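Asker: First, the structure itself, so that you have it in front of you.
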Amino acid sequence: MYTVLDGTHYNDACCFDYGNAEVSNTDTGNGHMETVYFGNNTVWGSGSGSGPWLMADLENGLFSGQGTKQNTADPSISNRFFTGMVKGEPNQWALRGGNAASGSLSTYYSGARPTVGGYNPMSLEGAIILGIGGDNSNGAQGTFYEGVMTSGYPSDATEASVQANIVAAKYATTSLNTAPLTVGNKISIKVTTPGYDTRYLAHTGATVNTQVVSSSSATSLKQQASWTVRTGLGNSGCYSFESVDTPGSFIRHY
């Protein structure tokens, strides 16, 4: 299976997984999962540095190698877009990853299954999970862009072709907005619905509404329908709109 993830969005909670898990949303034992995990949880395995790491959730353990311990060949990830791959077969599994925007894959682990009982052979059940653990643990955070689960054990060459296709898609960040706005400027927001296009977004006290405003309207009404552009309060990549006549009051969506 492979995923493309945001390598900068993660936490240390359990468990941001994508892959094969229990059909019951309960922990049914070792080896009942095989998923891509991404984050910096250190309860079980870990990699080099402080994370985040690509690991495999095989149930009752996050594995960066054969055992639930540190694998220094599993690097901390800093790519904005990251390709993570997990594949397995009887007594063999591998962990591979790379920059989803350029370059090739690296192998972080390829070797035997864990020696603890239950992991060889595996007991996969076939449910598909995303963003949770197999027992429905939902404390983790992450961003998933795409992923695929297949049967079998693909060759490194096949995975290289998948990575090349991902790179060719040209993952890249973009602005959260495209509006031609300047922080500090004052604006009005006009309704464009036919039959209502004399109205502007305004407020009456704490209630946001639309009102008919024209050049002959009172100054007080014009100010109620005017907004100062501010850097986004919730995200600096966005904009917030502060009332001109009531500084400190902002448009808020409930």
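Cβ atoms here come from the backbone N, Cα and C positions, even for glycine.
The model shown is predicted, which means the values in this text are computed figures rather than measured ones.
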Asker: Candidates are Cys15, Cys238. Which one does TrEMBL pair with Cys14 through a disulfide bond?
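Answerer: Recorded partner, per TrEMBL: Cys15.
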Asker: Which residue among the active-site residues Glu59, Asp135 has the fewest other Cβ atoms within 10 Å of its Cβ, if you could check?
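Answerer: Candidates: the active-site residues Glu59, Asp135. Fewest Cβ atoms within 10 Å: Asp135.
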Asker: Under 8 Å between C-beta atoms and at least six apart in sequence, can you list the same-chain neighbours of Cys14 (disulfide bond), or say none if there are none?
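Answerer: The answer is Asn41, Val43, Gly133, Ser137, Gly139, Ala140.
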Asker: Expressed to the nearest Å, what is the distance separating Cys15 (disulfide bond) and Glu59 (active site, nucleophile) at their Cα atoms?
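Answerer: For Cys15 (disulfide bond) versus Glu59 (active site, nucleophile), the Cα atoms are 11 Å apart.
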Asker: Within 10 Å of the Cβ of Cys15 (disulfide bond), how many other Cβ atoms are there?
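Answerer: The answer is 26.
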